[in-house]
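K.L.:
What TrEMBL lists as domain 'TSEN34 N-terminal' is B:9-78. Feature annotation from TrEMBL assigns region 'Disordered' to B:137-212. The feature compositional bias 'Low complexity' is assigned by TrEMBL to B:146-161. Look at TrEMBL and you will find B:172-186 tagged as compositional bias 'Polar residues'. Residues or ranges marked as domain 'tRNA intron endonuclease catalytic' by TrEMBL: B:220-293. The feature active site is assigned by TrEMBL to B:Tyr247, B:His255, B:Lys286.
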Amino acid sequence: MSTKRFEQPCPESSALSKLIESASASGNPFSATTLQILHNLQHQHLWTSLQIHDISAPSDATDTTPKFPIATSPDDTAPTLISGIPPHRVYTHPDEQLYMLEQGLREDDLKPERFFVIPTAQGQQWSLRRMAAVFDAMSEVQPVETPMVEKDNGKAKQLAKYYERREKAHETKEWGGKRVLLAMVDKGMGGEGTVVYYVVQEGEVKPRQN
Amino acid sequence: MDSLPTLPIPISFISGRYLLFSIDAVTYLRREHNICGVLIGTLPQIPQQNVFLGLPLELMPEEARVLVDRGVACIVDEAKAHDGMKSLLEEDRRQYLRELESQGLHATRILSDRKGQQRDQALKKLDEKAKAKAKAKAKATKAADDNASASSSAQQDEPASVVDLFADDGSNPASSSKPLTSSTPDAQLAMGITPATSYPPLPHPSSSSQLLSKPEVPLSYPLFAHLHSRGYFLSPGLRFGCQYVAYPGDPLRFHSHFLVVSAEWDQNIDLMDIVNGGRLGTGVKKGFLLGGPEKSREEVNSEAERVESVRAFSIEWAGM
């Protein structure tokens, strides 16, 4: 009776691990958290044209005060932002939604827009100063835009009217100011890699009627 | 309704609480200054009854501070203010009691007037009902008469007598109630008045020796003042597990918009708290508002500067 012994091969590392390994091997400075969230956005939420922006560099040379004075602990992520284009609209302000209804527009009629994401990990220290710094840095980030094909669905007139109205709302901030997604990845003990997303907006923006 | 209290409104400081005892002041502050406070008065005999509370109104220190800074209110040391009670002259005392009695008589008169009116109305209604009933009955009997040509005269008489009886019944109490309403209640019948405030007999603008300095406020005051200046009504946030609940208008007319939590600029915030707040807020159709002043207390001379530097962020679950 011959005993068959199977050599148990080491399980192959996941696609995510490979991505993070390859990135760190190539000397890419982006942290594992950023890459993990980017991976999640790309494959679970099907975002496209994803980019990583480094916002740690002070925008003004004379500005010597560090923007992230608390980013000293080793497990802190380098201050980065991810941006990408979601397949569906992530956020619509309630007043904007009302206006769209009045114009007979649906969310799918609008062209997809770039949205910013702050990558964070559970257990990471956070503060109002860091939050404000991200919002301040956002206006300086210039994402590389690829021209998109506009679909014609016979609503060009309403769309033009909508964009004009939105331009006005943007100035008065009546449809909300700057907004960003706060992504949090579960990395602690037994963390299974879930990523949760929260919409963060500057100022007092009335809630949606979900 | 538009009874304007004399400004500044005295806020009574009693054992660490800021209280208002005048209903005019309470309605005025709510109407004009977006300050609601919390009614905490209950019945001495039934203190468990805490669903419908009355005066006094307790203000948060933040609310009292906002009002003092606006110049519409001042803080009065109530214990000191009532020292004056001892030095009250006998003549003043008597006049005060007389005034209370005349107020009581006035209240009794109003009440009996209203009772009389209600009674008249009820009787009138009853009268009309009876008449309508009799009419309907008469009609019915008439129709029956037309159908059955053979009818006795006694049957026809009956409804007529019913009408008479009711008409008589209706007119009698109405006439008898007249002297009741016009009768003036004597002093024995005067209602007891329990004044909510102690001025009079105490002088209303309290002397400066009884005034206290501005209320001490928690670190979250700048965010409170910032939101209040933007027209939000704020109430304590215990029931939603936050610091303040912000309403876009009077809480009786609007649902609240935000669960408000304040933090100092460099205070560490656990990301889990943002998840908790964001998820809880979205669950009750509200936003989670996290904010605070950019400047710490060491950096500035006054709270007003801190209020100026407030930045706030609204957080909602993204649903993805």
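Residue numbering: from 1, along the chain as shown.
For all residues, glycine too, the Cβ spot is worked out from N, Cα and C.
Heads up, TrEMBL stuff is auto-annotated, nobody curated it.
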K.L.:
10 Å Cβ neighbour count around B:His255 (active site)?
P.N.:
13
K.L.:
C-alpha of B:Tyr247 (active site) to C-alpha of B:Lys286 (active site): distance in Å?
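P.N.:
Each residue's Cα considered, B:Tyr247 (active site) and B:Lys286 (active site) end up 10 Å apart.
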K.L.:
List those active-site residues among B:Tyr247, B:His255, B:Lys286 whose Cβ lies under 8 Å from any Cβ of chain A, in sequence order, or write 'none' if there are none.
P.N.:
B:Lys286
K.L.:
Measure the Cβ-based neighbour count of B:Tyr247 (active site), defined as the other Cβ atoms within 10 Å of its Cβ.
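P.N.:
Result for B:Tyr247 (active site): 21 other Cβ atoms within 10 Å.
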K.L.:
Quick one: pull the CA-CA distance for B:Lys286 (active site) versus B:His255 (active site), whole Å only.
P.N.:
9
K.L.:
What does the DSSP secondary structure composition of the domain 'TSEN34 N-terminal' (B:9-78) look like, as residue counts for helix, strand and coil?
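P.N.:
With helix first, then strand, then coil, the domain 'TSEN34 N-terminal' (B:9-78) has 22 helix, 25 strand, 23 coil.
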K.L.:
Please list the DSSP helix, strand and coil residue counts for the domain 'tRNA intron endonuclease catalytic' (B:220-293).
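P.N.:
For the domain 'tRNA intron endonuclease catalytic' (B:220-293), the helix, strand and coil counts are 25 helix, 22 strand, 27 coil.
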